[in-house]
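Peer 1: Okay, handing you the structure first.
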Amino acid sequence: MNYFDNKIDQFATYLQKRNNLDHIQFLQVRLGMQIIVGNFLKILVTYSISIFLSVFLYTLVTHLSYMLIRYNAHGAHAKSSILCYIQSILIFVFVPYFLINIDINFTYLLALSIIGLISVVIYAPAATKKQPIPIKLVKRKKYVSIIMYLLVMILSLIIHPFYAQFMLLGILVESITLLPIFFPKED
C-alpha cells in the first residue's frame, strides 16, 4: 500500500466509526475516496507535464471538449490506472504538443468530427460493466451527447481555427472511445 492508500484507509475507518457505517458502506466510502484521489493525481500529472511543455491551454481546451461529451456519452476506459496515465498524457498533452507544430487542414478535422458524430449517434451512451447506465437515462444521455457534440462543432466554426482544432480533437477522441472495438465481448 502506498502513502495515499494508507491515509484513505485511515480516514475511511474514522468515518466508519464516527458514522456507524457497515462494512459495505465503508467499502463504498473508501472506493469513492480512492477514485477522487486517483483522478486528482492523474489531473495533476497530466497538467503539470502540459505546463512543462507549454501546452497547458491546448491541453485544457482538448480535455474540456472531451469531457463535455464524455459526461453523457461515457465510453471505454483504460484497463489499468497506469494505462490511464499513459493514455491521458499521450492524448491530452503530446497530441496537442505535436498539433501546434503540424499544419492540419481544419476541413479535414471537421470531416473527421462529422464521422465522430455518427459514432455518437449510433453508440452513445456506451455503458461499461463497472459503469452501467440505467435504462431510464439512456435516451436522455444520447440526446444530450448529440446536442453537446453539435454545439462543440458549431463553436469550432466560430472561434479561431487554431483553438478549434483542439476542440475537435477532444470530441473526436471521445467519439472513438464509444466504438464497440474497445468493449470486450460479454459471455
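Positions of Cβ are set from backbone N, Cα and C atoms, glycine also.
In case it helps, Swiss-Prot gives these features for our protein:
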{"type": "TRANSMEM", "residues": "49-69", "note": "transmembrane segment"}
{"type": "TRANSMEM", "residues": "82-102", "note": "transmembrane segment"}
{"type": "TRANSMEM", "residues": "106-126", "note": "transmembrane segment"}
{"type": "TRANSMEM", "residues": "144-164", "note": "transmembrane segment"}
{"type": "TRANSMEM", "residues": "166-186", "note": "transmembrane segment"}
Peer 1: What parts of the chain pack near the transmembrane segment (49-69), using Cβ distances under 8 Å and only residues at least 6 beyond its ends?
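Peer 2: The answer is 89, 91-93, 95-97, 99-100, 120, 145, 148-149, 152, 163, 166-171, 173-175.
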Peer 1: Which residues, given as numbers and ranges, are at least 6 beyond the ends of the transmembrane segment (166-186) yet have a Cβ under 8 Å from it?
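Peer 2: Apart from its flanks, the transmembrane segment (166-186) reaches 58, 61-70, 73-76, 91, 95-96, 99, 109-110, 112-113, 115-117, 119-120, 123-124, 126, 128-129, 149, 152-153, 155-156, 159.
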